[in-house]
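Chemist: Below, the features straight out of TrEMBL:
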type	residues	note
DOMAIN	51-203	domain 'AAA+ ATPase'
BINDING	Thr63, Gly64, Lys65, Thr66, Thr67, Tyr207, Arg219	ATP binding site
DOMAIN	301-373	domain 'Cdc6 C-terminal'
Amino acid sequence: MRPGNLLRYDQTLFRDPEVFEFTFVPELLHHRDAQVRELACLLRPALRGAGPGSAVLRGPPGTGKTTTVRRLFADIEDATKKLVPVYVNCQYDRTPLAVYRCIFERLSGYAPPSTGRHLDDLKRGIAVRLRNEDAGLVVCLDDANYLAAAGRLNTLLYQILRLYEKWDVRKAGVLAVSSDLTLNLAAEVDERVRSVFHPTEVNFLPYTKAEVREILAERIRQGLYPGVMPPPLLDRIAGIAAEERDIRVGIDLVRLAVLRAEEDGRRRVDPVDVTGAVRAIVAPVLRTRAAGLSEGERALACRIAERSREGADMTSGAVFEAAKEYLPVGKTTYHEHLKRLAEAGIVDLVPGTGRGREREVVLRYDPDEVAAVCARPDRSG
Ligand SMILES: Nc1ncnc2c1ncn2[C@@H]1O[C@H](COP(=O)(O)OP(=O)(O)OP(=O)(O)O)[C@@H](O)[C@H]1O
Ligand SMILES: [Mg+2]
């Protein structure tokens, strides 16, 4: 490295570090057109003086549920006063009082006094404002699975959706968001809620590698100076994040890799920065997954990593033929090992188009990482 390339202590590779914060709401939302369209369609009646519809938004963590709602709500705020969107994070605001305080604050522009506010006073205050503005209300209950867990989902939905009965306002809409796929929010509600809550289900699937790449590329354009992140390294990061099925992993990998380059006084991210960032983020997860594996299973994982790195044939039969030259395993044991690796979340076994049991063995992690973790089980750093 030439001294001229060294960054001065006050120089940074980040044009805008905030872009890599998880709370950042991007201007451009890629690959969520279908969901945005569906939600906009539900809310549109509110612009014509009717009540907005309701929805349940479902998808695993890091699939853009919160961001989609935030973006949509920001657009509604810019476009109209006929519909007031209120975002509530139920991880923090779980009681009816807390939720109504959020709605009140959004409508009036100031927080209600912290004491002496009865729930009914808050509701009246909200209703008066909605009536004065002739506006509809849509409330997003983000991470509503916390409400369900706290046993408060029914009460809250009931109160919000039936606000109109007592206070002579339009029926409100609710967007209930959940990342707990074992929980069916629409089925959790009891009968009195069900009669007013007919949510459309809007699903959020994990992003594909190409989608992750595009989303990260946009972040990089905004957040870094040109040329800091070489495209092949972005590719590698996108692959890892797609395998992890969580775009947050990708955003964090970019941020950490750039920080490493910055600390080292370079203007460009190197492969070693990405490897370091992967170690810091992904390796702990991988180590936990590998912890319960037997020696034979680890050895097989290493062979799979090697073949995957070489770009060799990854059908389960071909992997077996290659592995048996190195490992003392028969076909039955081999298939048991493979099944264990899949259960541990280290490989996916993808059914092929061929005969019978033949599967494509797809590594879920960077081969170098798998080899490093599985070859040295006691490695702690
Ligand atoms: N389509 C997208 N375009 C740009 N950025 C996105 C997109 N989807 C997600 N992100 C970014 O990924 C991160 C995670 O997204 P988000 O918080 O919306 O996920 P989520 O589905 O709400 O996850 P959780 O269930 O854990 O709350 C955020 O930093 C967000 O900005
Ligand atoms: Mg979220």
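Just so it is clear, glycine is given a Cβ too, placed from its N, Cα and C backbone atoms.
Surface or core, plus neighbours and distances: that's what I need for these features.
Modeler: A sphere of 10 angstroms centred on the C-beta of Tyr207 (ATP binding site) encloses 25 other C-beta atoms.
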Chemist: Does any of Thr63, Gly64, Lys65 have a Cβ within less than 6 Å of an atom of ligand 2? These are the binding-site residues; tell me which, or none.
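Modeler: The binding-site residues passing the 6 Å Cβ test are Lys65.
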Chemist: In the domain 'Cdc6 C-terminal' (301-373), how many residues does DSSP put in helix, strand and coil?
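Modeler: Helix, strand and coil residues of the domain 'Cdc6 C-terminal' (301-373) number 38 helix, 11 strand, 24 coil.
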Chemist: Only counting partners 6 or more residues apart, tell me which same-chain residues put their Cβ under 8 Å from the Cβ of Thr63 (ATP binding site).
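Modeler: Listed in sequence order, they are Ser179, Phe204, Leu205, Pro206, Tyr207, Ile247.
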Chemist: Of all the binding-site residues here, Lys65, Arg219, which one's CB has the most other CB atoms within 10 A?
Modeler: Lys65
Chemist: Identify which of the following binding-site residues, namely Lys65, Tyr207, Arg219, place a Cβ less than 6 Å away from any atom of ligand 1, and list them by sequence position.
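Modeler: Only Lys65 meet the Cβ criterion.
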Chemist: In sequence order, which same-chain residues at least six apart have a C-beta under 8 angstroms from Thr67 (ATP binding site)?
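Modeler: Expected: Val25, Pro26, Leu29, Arg32.
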Chemist: Within the domain 'AAA+ ATPase' (51-203) only, compute the mean pLDDT.
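Modeler: Mean model confidence (pLDDT) across the domain 'AAA+ ATPase' (51-203) is 90.
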